[in-house]
Amino acid sequence: MAHTKIPTALHEQENFLPKKKLIIVILTLGVVLFVINIDHNGLSTLLPTIAEDLGAQKSITWAGSSQLIATTVFSVLYGRLSDIFGRKALFVSALWVFSIAELGCGFATSPKMLYAMRALTGASGGGIGNLSIIIATDVVSLRHRGQYMAVVAPFMVLGNICGPLVAAGVAKSPLTWRGLFWLISPLGVLSAVLAGYILPSTTPTDTFKQNLVKVDWLGSFTSTIAIVGFMVAVSGPGAYHAGYSLLVISLLSVSGVAFLAFLFIEWKLATLPVIPLTIFAIPDVSALLMQTFTLGWVNQANVYFVPIYAQNLRQWSPVISGVLLFPIIAVQVVVSMIAGRWMSKSGQYGLTIRLGVALLLIGSLLETKFGRETHPAYVIIVLLVIGIGVGAANQPMVIAMQAHTKKSERAVVTSSRNFFRFLGSACGVVMSAAILQSTLRTSLPAAYKHLADSPYALAGLNPRERDAIAPAYERAIRHVYIASAAASVLCSLGLFVWKDDGYESRPTENNDDIEHAPARGIEREDEQSSLIYDREPSAVSYGTVEAGEPNRLRRGG
């Protein structure tokens, strides 16, 4: 497979660290992702409350959609921008923007202000998650990458667990729903300070002005227009438009033209393309990207619509609906750690991905049976199956893509993977919302048709009214789960495309596995504490400790 040569103007940022320093860096990334995931998963629990408070019953899905769209747009850019400006500078900057955006969410006085702040949160938060993976790939060899990324998983899942609980708690406090954002903002500031001190950094070889010239501005602009136009259009018909109106058709047309322009720019014009099209010429990578998209769809649709199912159909409390997310997210930490250890010891990633996708398919099919009378034990077991599937497949897919591409493409491949994951998540939310509202429009009794415009806030209905609309809600939510099941089927088809050839399947430029320790400055984990890892003099620093000098291994002192 031929690969486009990456310009050498990009400064080297790979810096394998000694074990003790490596653990500190990984734990720092874990703390940051803990904070990000509290915000990410706490919002869905608060949607009905926010809708009532701000009078946003007709548009409250945009609290999540605006964040996901912004995350998707900017996830395309962070990989290449970090190649140009450096990982640490971009990472810390994103944390500061995230903290300011969270504060703005807490002080939002209108739906539009809230959605704007959520978009800013998505633009920065998506970059933080994206760069966390890229930074980890800089400091850990491919063979150990799954193992150390599994160390980060508990922080992410803990944030996923704490998010709904904290959100439900503050919703009942005098701070109301605003308290969640007022809590996260200072945590973001502390994370920025911590990351600024601890994370390794490199000194760019060019000036800031020279680096600005390298940015693929045309590609960035056209990709933004294409993504925003598409996402706004697909979120509209079920919620805001009576069918495919002229506005929707116009948005899709503009998006299509922008997408074609983006492809041409990346193919012919860009010196440092945002997404090198050569990676899509690798069948294995293309299949894995498709699976990443569908995995994101199913996972995010569950995170957003399980609370809707619990509160609006089953009439369970926000606390119970938050607890109901435990099976789908808490189990991921254990499964991710097991998968990481397995990949490090076996040198294979295929088994965990195949097992995860199979369980995701089974769980999604079983989920279509959720209804008003479904036993809670059945609900919990099905969500556990889906959680195990996501945990087994999600991070190993990153390793698989990196195993099929060059080291010089590492950041953009990781960025592309996150783009497809976020795009799948965004489509999962907005398309599921459109399906929900479209079904309600055709299923609700005539006296309750108006509820199709505000399906997320039913607090004002009495028990008789709730019983009258329950069949329509049951049908609408089932249609949402059927769409997720279809996405799971598509995800399973990707298993027949790629092969697991182990870490040795990568181009020779990428062979930084553990077996190549003498040539690459990598050694086995149990020997890392007695080794000093050195690189070319690229002014790489770890906090206040330097890690420069030539690329070689020295034992002891």
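Just so you know, the numbers here start at 1 and follow the chain as drawn.
Every residue gets a Cβ built from N, Cα and C, even glycine.
Keep in mind that what you see is a predicted model, and the values were worked out from it rather than measured.
Among the features that Swiss-Prot reports, transmembrane segment is placed at 22-42 (among others), with the record citing sequence analysis.
Summarising the annotation, Swiss-Prot assigns transmembrane segment to 59-79 (among others) and lists sequence analysis as the type of evidence.
Under the heading transmembrane segment, Swiss-Prot lists 89-109 (among others), citing sequence analysis as support.
Per Swiss-Prot, transmembrane segment is recorded for 150-170 (among others).
Taken from Swiss-Prot, the feature transmembrane segment applies to 179-199 (among others), supported by sequence analysis.
The transmembrane segment annotation in Swiss-Prot covers 217-237 (among others) and rests on sequence analysis. With a cut-off of 8 Å between Cβ atoms, the residues of this chain six or more beyond the transmembrane segment (217-237) that come close are 61-62, 65, 68-69, 72-73, 76-77, 243-245, 247-248, 251-252, 254-256, 258-259, 261-262, 265-266, 269-270, 273-275, 423, 426-427, 430-431, 433-434, 438.
Beyond the transmembrane segment (245-265), the same-chain residues lying 6 or more positions past its ends with a Cβ under 8 Å from any Cβ of the stretch are 216, 218-219, 222-223, 225-230, 232-233, 236-237, 273, 277. Marked as transmembrane segment by Swiss-Prot: 245-265 (among others).
Per Swiss-Prot, transmembrane segment is recorded for 269-289 (among others), and the stated evidence type is sequence analysis.
Annotation comment: Swiss-Prot describes 319-339 (among others) as transmembrane segment, evidence class sequence analysis.
The transmembrane segment annotation in Swiss-Prot covers 346-366 (among others).
For 419-439 (among others), the entry in Swiss-Prot reads transmembrane segment. For the transmembrane segment (419-439), the residues of the chain that approach it from at least six positions outside its boundaries are 61, 64-65, 68-69, 71-72, 75-76, 126, 227, 231, 234-239, 275, 289-290, 292-301, 304-305, 308, 452-453, 455, 472, 475-477, 479-480, 483-484, 487, judged by C-beta separation under 8 angstroms.
Per Swiss-Prot, the feature transmembrane segment maps to 479-499 (among others).
Here Swiss-Prot flags 505-523 as compositional bias 'Basic and acidic residues'.
Sequence annotations record features per position, and here Swiss-Prot assigns region 'Disordered' to 505-557.
A Cβ distance under 8 Å defines the sequence-distant neighbours of the transmembrane segment (346-366), meaning residues of its chain 6+ beyond its ends; these are 143, 146, 291, 295, 298, 335, 339, 382-383, 385-386, 388-394, 396-397, 399-400, 403, 481, 484-485, 487-489, 491-492, 494-495, 499-500, 502-503, 513. For the transmembrane segment (89-109), the list of distant contacts is 32, 36, 39, 54, 78, 81-82, 116-118, 120-121, 123-125, 127-128, 131-132, 135, 178-182, 184-186, 188-189, 191-192, 195-196, 199, 201: same-chain residues at least six beyond its ends, Cβ to Cβ under 8 Å. Here the transmembrane segment (179-199) has long-range neighbours at 24-25, 28, 31-32, 35, 38-39, 42-43, 46, 87-88, 91-92, 95-96, 98-100, 102-103, 105-106, 135, 166-167, 170, 173, 542-543, meaning same-chain residues at least 6 beyond its ends whose C-beta is under 8 angstroms from one of its own.
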